[in-house]
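Written out below as structure tokens is the structure these notes cover.
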Amino acid sequence: MIGTVLSNRYKIEEEIGVGGTAVVYKAMDTLLNRHVAVKVLKHEFTEDEEFVFKFKREASAAARIANANIVNIYDVGADGNVNYIVMEYVAGKTLKKLIKENGKIEFNKIIDYATQIAKALNFAHKNGIVHRDIKPHNIMVTDDDIIKVTDFGIAKASNESTITTTNKVVGSAHYLSPEQAQGIPVDCRTDIYSFGIVLYEMATGKVPYDADTPVSIALKHIQDAAVPPNELNKDIPIALNKMILRCIEKKPENRYQNANEILDELSNVKNNYVNDDEEFTRVMDPAQIQNESNPNNKLDNDDTYYNGEPYNKEQPQEEPQEENEEPKNKIKGNNMLSGKAKKALVASIIVVLILAGSALAFSMGSGIFKPNSNSVSKVKVPKIIGLSESDAKGKVEDAKLKFQVVDRVKSSKPKGTVVTCYPNEDTEVDSGTVVRVDISSGDTDQTLPSLVGLPESAARAQIKQYGCNVGSVTQEYSDDVAQGNVISQSPSEGSQIKKGMTIDLVISRGPEVKKATVPSVYGKTSDSASSILQNAGFGVNVQNKDVTNADQNGIVIEEYPNGYVNKGTTVTIVIGRFNSTAVQPPNNNNGNGNQNQNQNKTPDTNHDDSKAPTGGNNDNQNQNNTTNPNGTQPAGGNVTGTGNGNVTNTPNGTGQK
């Protein structure tokens with residue numbers, strides 16, 4: 001790819017990164033003369049038409065968002081079978097590289113970086129974009145400590161289907177949320193989980209879950225409790241420790257519900273920072289330990305705690321218990337396993353049971369691991385889409401689940417009926433799980449967003465996304481809008497959208513190229529000529545040239561180009577510089593003794609007695625010597641100008657008329 005020019009515009013210069021789905025190159029935008037980053041979809045994905053379509057559509061959706069902490073997307077396109085996204089080029093390091101170089105990051109920078117990342121997520125989420133692959137590899141840090149989150153180009157617009165139905169694993173197992181690992185539909189809270197993992201890594205220098213294979217890592221996300229970060233780094237304040245643990249809660253409803261809540265919490269952590277060393281040593285009973293370990297200070301109905309760490313109560317215990325018997329947490333005798341040993345044993349049993357009993361549906365379409373259908377506490381989400389809100393609530397509660405209305409959305413479905421639900425219908429979930437639904441508001445009209453400033457391809461993709469058609473596309477010159485981007489649209493932003501409606505676009509041709517006649521500046525001084533040309537809208541390039549005519553010294557003797565040319569063209573002017581010793585071309589007088597009066601004479605540098613006789617022309621210094629018939633000037637000969645303006649050389653050095 002190096003040296004390739006995509007779409008006659010983006011010249012690939014060097015490879016700067018490789019991801020799961022694409023290769024990223026540094027390139028030169030030859031139109032705007034700036035460096036950009038070009039993400040090229042890997043060849044194995046280009047064969048999947050559905051993937052390519054969604055890749056472009058989601059990148060176009062992400063191009064709508066412009067934020068100081070998000071890498072801007074400039075263009076989406078294809079050149080032959082090469083599909084690419086053009087992004088802002090950021091000079092700096094990835095957060096992953098900084099962590100590798102420094103280990104853990106100090107407290108103030110953690111808060112600073114986390115705040116900027118949360119601002120980026122908050123902005124994207126408010127615009128309907130879920131990243132789904134937040135990890136330090138996708139977070140750039142400039143030399144000025146400005147955070148730039150990248151890779152929104154392959155993110156999922158939250159109201160659209162996911163692009164992960166391609167049986168290709170997208171993302172990194174170390175940062176996957178439990179719901180991603182299980183193939184459950186995701187929302188903005190999956191980004192909050194991944195953000196928590198990044199926060200954990202910044203604070204400790206390590207990820208909370210690691211193993212030899214992605215499968216094993218995914219299992220840990222689903223089943224294992226993370227080691228509290230302040231056990232790995234004693235300098236982490238309790239408030240930050242709790243915040244990290246809440247971000248990485250297994251259940252989305254137990255996490256922060258949006259990035260704005262995270263921003264508030266970060267502000268509190270920063271303003272109320274107290275080093276743990278300043279606290280008095282205290283003795284805590286088991287209940288206190290349990291409450292410290294659970295940021296929400298409550299037991300989930302499917303969790304039990306051992307030394308403050310949650311385990312699934314449905315997994316085998318060391319001793320069988322009666323159905324209604326309380327868990328036996330009390331350690332008796334010296335032959336009992338220690339807390340750490342028991343944790344290792346339980347974890348190993350979990351792995352064995354899941355590996356043996358599950359189908360290991362290893363694809364991102366169906367999830368890395370499906371929930372264990374053999375669990376006695378699982379229930380199915382009832383079919384409620386299309387039901388009224390009250391009927392849906394009744395069915396959900398009859399199934400021993402909880403009902404929550406998330407939003408009322410514009411939909412073609414009857415007003416007051418369920419449009420979507422999460423988890424999906426027929427999904428097996430734990431008893432008591434919250435089923436979140438969207439209810440139809442009955443209003444199907446949507447408003448048209450602004451397409452101004454978008455590349456034409458991105459604008460077309462958005463129009464198609466809204467179920468509309470592209471109407472007339474005209475082009476106009478613009479000094480403000482880059483070539484190929486939208487200048488205006490009709491109907492305008494805020495107009496109500498009706499399915500099938502036509503939207504017209506005006507596309508920029510870039511700045512208008514205007515022509516003008518180059519003014520003649522022959523005979524002008526350098527400053528005067530430059531001023532005249534610049535005022536006429538031209539650039540100026542000044543050169544000097546030796547001349548033997550003193551009258552040409554310091555003035556324009558040549559000018560090019562001339563005539564009718566593009567405004568802004570650089571005009572070269574040549575300024576004469578008098579040099580009496582400048583070499584002249586050889587003459588061709590053939591010894592006839594006569595020269596044109598306008599020609600120049602090269603003075604004899606060996607004698608100073610050259611002079612014009614009385615009554616002769618005084619122009620003899622501008623005339624050329626005439627050589628004797630044999631083409632040579634005798635040594636020591638003098639040159640004397642004659643009255644008729646002709647000069648001849650004689651052997652004895654006397655001039656003759």
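Glycine is no exception: its Cβ is also placed from the backbone N, Cα and C atoms.
Under the heading active site, proton acceptor, Swiss-Prot lists Asp143. DSSP classifies Asp143 (active site, proton acceptor) as coil under the three-state reduction.
Among the features that Swiss-Prot reports, ATP binding site is placed at Ile16, Gly17, Val18, Gly19, Gly20, Thr21, Ala22, Val23, Val24, Lys39, with the record citing sequence analysis. Sequence-distant neighbours of Val24 (ATP binding site): residues of the same chain at least 6 apart with a C-beta under 8 Å from its C-beta are Glu15, Ile16, Gly17, Val18, Ala37, Val38, Lys39, Val40. In the three-state DSSP reading, Val24 (ATP binding site) counts as strand.
Look at Swiss-Prot and you will find 584-600 (among others) tagged as compositional bias 'Low complexity'.
Swiss-Prot lists 613-637 (among others) with the feature compositional bias 'Low complexity'.
According to Swiss-Prot, the compositional bias 'Low complexity' annotation covers 645-657 (among others).
Model confidence over the domain 'Protein kinase' (10-274) is summarised by a mean pLDDT of 86. Annotation source Swiss-Prot lists domain 'Protein kinase' at 10-274.
Annotated domain 'PASTA 2' per Swiss-Prot: 443-509, in sequence order, evidence recorded as sequence analysis.
The domain 'PASTA 3' annotation in Swiss-Prot covers 512-577 and is backed by sequence analysis.
As annotated by Swiss-Prot, region 'Disordered' applies to 286-334 (among others).
What Swiss-Prot lists as region 'Disordered' is 581-657 (among others).
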Query = For the domain 'PASTA 3' (512-577), what does DSSP give as the number of helix, strand and coil residues?
reply = 13 helix, 30 strand, 23 coil
Ask   = Given the binding-site residues Ile16, Val18, Ala22, and counting only Cβ atoms in the protein chains shown, which has the most within 10 Å of its Cβ?
value = Ala22
Message = Radius 10 Å, atoms counted are CB only; among the recorded positions Gly20, Asp143, which position scores highest?
response = Gly20
Task = Using DSSP reduced to three states, classify Ile16 (ATP binding site) as helix, strand or coil.
result = strand
Ask   = Reported as an integer number of Å, what is the Cα distance between Ala22 (ATP binding site) and Asp143 (active site, proton acceptor)?
value = 26
Cα-Cα distance linking Asp143 (active site, proton acceptor) and Gly20 (ATP binding site), given in Å to the nearest integer = 27
Query = Helix, strand, coil residue numbers for the domain 'PASTA 2' (443-509) per DSSP?
reply = 10 helix, 26 strand, 31 coil
Key: Extra residues within 8 Å (Cβ to Cβ centroid of Ile16, Gly17, Val18, Gly19, Gly20, Thr21, Ala22, Val23, Val24, Lys39), ATP   = Val40, Lys42
